[in-house]
Amino acid sequence: MATLNTRGNDIALNILSSTTESSQAVVLSRARGSPNSQRAWLFGLGTLGIILASVLLNPFTSTQESPLNIDPTDYAARTKHILSTTPLIDGHNDLPYLIRTELKHQIYNDRFTFNTGLLSNTDRKKLRDGMVGGQFWSAYIHCPKDSETNKDVPLDEATWTLRDTLEQIDITKRFVDEFPDLFQFCSNSSCAREAFANGKIGSFIGIEGAHQIGNSLASLRQLYDLGARYITTTHNCDNVFGTAASTVSAGGEDKGLTLFGEEYVAEMNRLGMMLDLSHVSHETMRDTLRLSEAPVIFSHTGAYALSKTLRFAPDDVLKATAEKGGIIMITFINRFLRPDDPDAATIHDVVDHIWHVAQVAGWDHVGVGSDFDGTPVTPRGLEDVSKYPRLVELLMERGATDDQIRKFAGDNILRVWSEVEKAAERIQVEGRKPNEAIWEGRTWVRSEMSPPIMFRDSIGRRIPSYLGEP
């Protein structure tokens, strides 16, 4: 439940200050004399009490208008007000990956000076200066490569990716727990709103690549139970579920989703886990949008119409995502925003992509997914997480309204997340069981080839030597 805090108090004062002089007279001046005037006074006082109670108990219901005393051209003041009353939620940040690779999981190491400052894009001060209200922390593991050829390993070859994914989740949870005054771990959309109301940064987990789940829907379910709430269907490699954009960029065929990928989409819908289409090929995007029973997300992508980067979404996909109720969250990666001249990328390129998506898909379907700490270089003007307010100000300069900014900042992704949860509830109420499909290319080792013991029609095939010596 939302707590009473300065956000709610500020909004209440705004309501009081914005009432007309005549209405204040009714509410604040107890009329004397006739019963009618006394009833009017009581009615006015009761009405104001209801308004104030609703504001203080749920600050998210009171953010539809800016205070009347803010100059519409004072973009900094408008931004501060909006981000104080609506959570700014980034769809993708790789700080846990840096902790794993640079500190070998050791968040208690003295070198991890998160409180006093890091050279990376993210630390305590930068998050607070950037008015961040929620963050999807990425559990990212590289696509497995052959150590000699640097080529993708065969899909049925056992790798370390699932183990490392579990370690990455462990890092994220311990990191969040280490700073309880700053972060609150959440696994549902309601908690994300509660965290913001409590003055904390809601912290959520997304897995950046279904190659990390061991080709197994059973593993998928366990990762959900550990708190992961989205999975990027592919990273920079094909997997058993679908084609990656990187494959098409290298001249490979765009085969879209596999048959097993269709089972994966269905199970993600049943679980209430968001399907992330960043990194996937265009046909994988289209196949998923056709099959999914819930909205989808692009946690960190861009508009293909502005930059011919094959991992960006073309306009037909932007429109289909909107029709499905989903969201496209814009990334800050230079080489994708400006493939012709990455060093020239600036904050204005990001604004261009946001604006294009808003015009094609609508303001209900656009958000931000930076990929901070997952890319070595970011656009000028977006050097770290402290720069989000400036991004919002530039959108306002282009003409974005306060309501549109609130949607972009966090309301859209929270709506999508909530709708994915509701779709899962509906599917489960219908009685759909966990999907037991198994990838056709799975290799069964000898120890997994069970002897015929359970069933009468097969017991005659029992081979005593196979069972081993007593």
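Each Cβ is built from the backbone N, Cα and C atoms, and glycine gets one as well.
In the three-state DSSP classification, HIS92 (Zn(2+) 1 binding site) falls within a strand. Annotation source Swiss-Prot lists Zn(2+) 1 binding site at HIS92, ASP94, GLU208.
For GLU208, HIS279, HIS300, the entry in Swiss-Prot reads Zn(2+) 2 binding site, with the evidence type sequence analysis. Within 10 Å of the C-beta of HIS300 (Zn(2+) 2 binding site) we count 34 further C-beta atoms, all protein chains included.
In the three-state DSSP assignment, the secondary structure recorded for ARG311 (substrate binding site) is coil. Among the features that Swiss-Prot reports, substrate binding site is placed at HIS235, ARG311, ASP371.
According to Swiss-Prot, the feature disulfide bond maps to CYS143-CYS237, an assignment based on sequence analysis. Secondary structure from DSSP puts CYS143 (disulfide bond) in coil. With a 10 A radius on its CB, CYS143 (disulfide bond) counts 19 other CB atoms from all the protein chains.
For ASN188, the entry in Swiss-Prot reads N-linked glycosylation site. Cβ neighbour count for ASN188 (N-linked glycosylation site) (all protein chains, 10 Å cutoff from its Cβ): 15.
Per Swiss-Prot, transmembrane segment is recorded for 40-60.
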Any further residue of that chain within 8 Å (Cβ to the Cβ centroid of GLU208, HIS279, HIS300) of the recorded Zn(2+) 2 site: HIS92, SER138, TYR140, GLY209, THR232, HIS235, ASP276, SER278, SER299, THR301, ASP371
Neighbouring C-beta atoms (10 Å sphere around the C-beta of HIS92 (Zn(2+) 1 binding site)): 29
For the Zn(2+) 1 site built from HIS92, ASP94, GLU208, further residues of that chain with CB within 8 A of the site's CB center: ASN93, TYR97, PHE136, TRP137, SER138, TYR140, GLY206, SER299, HIS300, ASP371, GLY374
Residue among the binding-site residues HIS279, ARG311 whose Cβ has the most other Cβ atoms within 10 Å: ARG311
Candidate nearest CYS143 (disulfide bond) in space, where candidates are the recorded positions HIS92, ASP94, ASN188, GLU208 and distance is Cα-Cα: GLU208
